[in-house]
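J.: Can you keep this structure in mind? I'll have questions shortly.
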């Protein structure tokens with residue numbers, strides 16, 4: 001074997017050894033996951049994605065308000081420009097009249113005018129014109145300054161609006177990344193582990209649904225008279241015969257009954273129906289069915305209504321999670337320690353235990 005051939009063989013051997021070593025290091029960086037660890041990590045990413053979803057909704061509402069304000073300001077600008085054009089014409093007319101009466105001095109005009117009394121009357125009129133000119137000029141200057149201020153304010157609002165739109169895009173991008181991170185964790189599981197995780201989540205949802213339905217069965221007889229006497233004047237687009245029977249009476253029961261007709265529909269980022277929902281999109285539509293208008297934002301919904309203690313929850317009350325300063329998830333209380341909600345992009349609308357997430361409070365709207 002030549003020295004060159006020997007060197008080449010050694011280089012290949014060294015390269016293979018380094019590649020194997022690098023692959024071994026890479027494999028050690030991502031050890032196999034247990035189902036429990038994967039579930040915890042996935043739920044963390046999903047919670048963060050849900051939080052970004054609600055932040056996205058908040059910014060959308062802020063943009064809508066900003067667009068409305070900017071439109072009103074642009075209308076004010078148009079009116080202000082028309083006003084200034086009119087004032088400019090008035091100032092010009094007054095200035096011309098004043099100039100025409102100042103071609104001769106007052107003394108010369110007095111000597112040349114045959115009718116002294118008439119001249120003095122005209123002189124008084126000229127003085128009034130001069131006063132009007134000064135007043136018109138002052139008004140013009142003030143309105144021109146107001147226009148400059150209004151134009152700057154509109155420009156600032158437009159710049160702020162563009163920044164909000166950029167922020168909206170970034171939030172959506174970050175949320176998509178969180179969803180992909182959750183999917184990557186799923187991809188690291190074996191087929192058997194993925195099935196075990198899915199089975200566990202199905203079991204939990206079924207147990208939660210059975211618990212909520214057991215609450216309905218236990219309270220049917222006690223609520224029947226009260227339910228029949230409840231005011232049914234609230235309009236509802238859905239057929240009441242198709243709605244699941246729920247315990248309780250009043251608006252809350254109707255809210256839950258309608259929400260349950262949406263069971264199985266997918267969670268979609270920023271959606272408020274009719275074919276898909278995010279968490280606050282579902283709750284705003286459900287309460288909208290009984291005439292209560294709510295914003296598409298879990299944090300804004302939390303700042304409305306009447307606070308309700310955990311012990312006094314009734315079906316239809318909204319329950320909030322994760323942060324008391326800015327709740328990032330909301331569901332509908334379904335009775336017996338269960339909620340109905342739009343959970344995340346992996347799961348359709350369905351039931352979960354009340355305490356399956358960090359609970360921060362509840363609200364009632366009617």
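Any Cβ shown, glycine's included, is placed from N, Cα and C.
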J.: For the record in TrEMBL, which of the ranges 198-251, 252-305, 306-359 is the region 'Disordered' one?
T.: 198-251
J.: Quick one: average pLDDT across the domain 'NlpC/P60' (249-366), no decimals.
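T.: Reported value for the domain 'NlpC/P60' (249-366) is a mean pLDDT of 95.
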J.: For the compositional bias 'Basic and acidic residues' (198-210), could you work out the same-chain residues 6 or more beyond its ends whose Cβ comes under 8 Å from its Cβ atoms?
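T.: Counting only partners 6 or more residues beyond its ends, the compositional bias 'Basic and acidic residues' (198-210) has Cβ contacts under 8 Å with 35, 39, 338-339, 347, 350-353, 356.
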